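A.B. asks: Copied straight from Swiss-Prot:
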MOD_RES   Met1  N-acetylmethionine
MOD_RES   Val2  N-acetylvaline
MOD_RES   Val2  N-acetylvaline
MOD_RES   Ser71  phosphoserine
MOD_RES   Tyr133  phosphotyrosine
MOD_RES   Thr145  phosphothreonine
MOD_RES   Ser215  phosphoserine
MOD_RES   Thr234  phosphothreonine
MOD_RES   Ser235  phosphoserine
REGION    2-247  region 'Interaction with SPATA18/MIEAP'
SITE      Arg57  site 'Interaction with phosphoserine on interacting protein'
SITE      Arg132  site 'Interaction with phosphoserine on interacting protein'
Amino acid sequence: MVDREQLVQKARLAEQAERYDDMAAAMKNVTELNEPLSNEERNLLSVAYKNVVGARRSSWRVISSIEQKTSADGNEKKIEMVRAYREKIEKELEAVCQDVLSLLDNYLIKNCSETQYESKVFYLKMKGDYYRYLAEVATGEKRATVVESSEKAYSEAHEISKEHMQPTHPIRLGLALNYSVFYYEIQNAPEQACHLAKTAFDDAIAELDTLNEDSYKDSTLIMQLLRDNLTLWTSDQQDDDGGEGNN
């Protein structure tokens, strides 16, 4: 029998060593024990996979940019090599996302009770995020499918958060931040993105007195990010004469 506490300890250790693949593997094992995760365990899982997928997303963006430049040069051999390397990174990224999505569907979301609103929103947001990461690299019909799955998860999380969580709750704010990025970057819908971000920011400002001391730092940081995005997006729209964002 695997010792749960040992696995969690290993994940903490791996995080300190910045060995995020090891951290993710340990937290995957914890999740597969099929018992609800504590808040700390939930955060360890999230941080681990965010770093694992983040490295691939970053590599993919760099290689995609090189691929565009190489295509302009017309060097066939180099174009083929760059394309093959991009596809290799894509496969890795997709495997990480599918790993997380299967943990969410088979254990984490499934095991949330009706009243565990915070966990449910946390995991549905995560589901929206990982389908969004798939959408960043997908094309055609495949892209349409993952975009729809991302929208569905974000939308469900958004409804639950509005009904059951304070506007200043960091998980509710973090969801609004990522959902608005989804509208802006994936759906190419800057107006919806701005509306969602502005509403979340304004609702939180109106209830600043409900800010929990423990989450004060987290909440205010996310509010700042919402405001930064709004500033950027509205200036983009003005630059484009009210057109679409350039991401």
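Yeah, the Cβs are placed from backbone N, Cα and C, and that goes for glycine too.
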A.B. asks: In Å, rounded, how far does the Cα of Ser215 (phosphoserine) sit from the Cα of Ser235 (phosphoserine)?
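C.D. replies: Ser235 (phosphoserine) has its Cα 30 Å from the Cα of Ser215 (phosphoserine).
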A.B. asks: Across the region 'Interaction with SPATA18/MIEAP' (2-247), what does the mean pLDDT come to, as a whole number?
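C.D. replies: Its mean pLDDT is 93.
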A.B. asks: Can you tell me the CA-to-CA distance separating Ser71 (phosphoserine) and Arg57 (site 'Interaction with phosphoserine on interacting protein'), as a whole number of Å?
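C.D. replies: Cα to Cα, Ser71 (phosphoserine) and Arg57 (site 'Interaction with phosphoserine on interacting protein') are separated by 21 Å.
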A.B. asks: Between the Cα atoms of Tyr133 (phosphotyrosine) and Val2 (N-acetylvaline), find the distance and write it as a whole number of Å.
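C.D. replies: Tyr133 (phosphotyrosine) and Val2 (N-acetylvaline) have their Cα atoms 31 Å apart.
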A.B. asks: Of the modified residues listed here (Thr145, Thr234, Ser235), which is spatially closest to Arg57 (site 'Interaction with phosphoserine on interacting protein') when Cα positions are compared?
C.D. replies: Thr145
A.B. asks: Counting other Cβ atoms within 10 Å of each Cβ, which of the modified residues Ser71, Ser235 scores lowest?
C.D. replies: Ser235
A.B. asks: Compared by Cα position, which of the recorded positions Val2, Arg132, Thr145 is the closest one to Ser235 (phosphoserine)?
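C.D. replies: The smallest Cα gap between Ser235 (phosphoserine) and any of the recorded positions is with Arg132.
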A.B. asks: Which residues of the same chain, at least 6 positions away in sequence, have a Cβ lying under 8 Å from the Cβ of Val2 (N-acetylvaline)?
C.D. replies: Asn29, Leu33
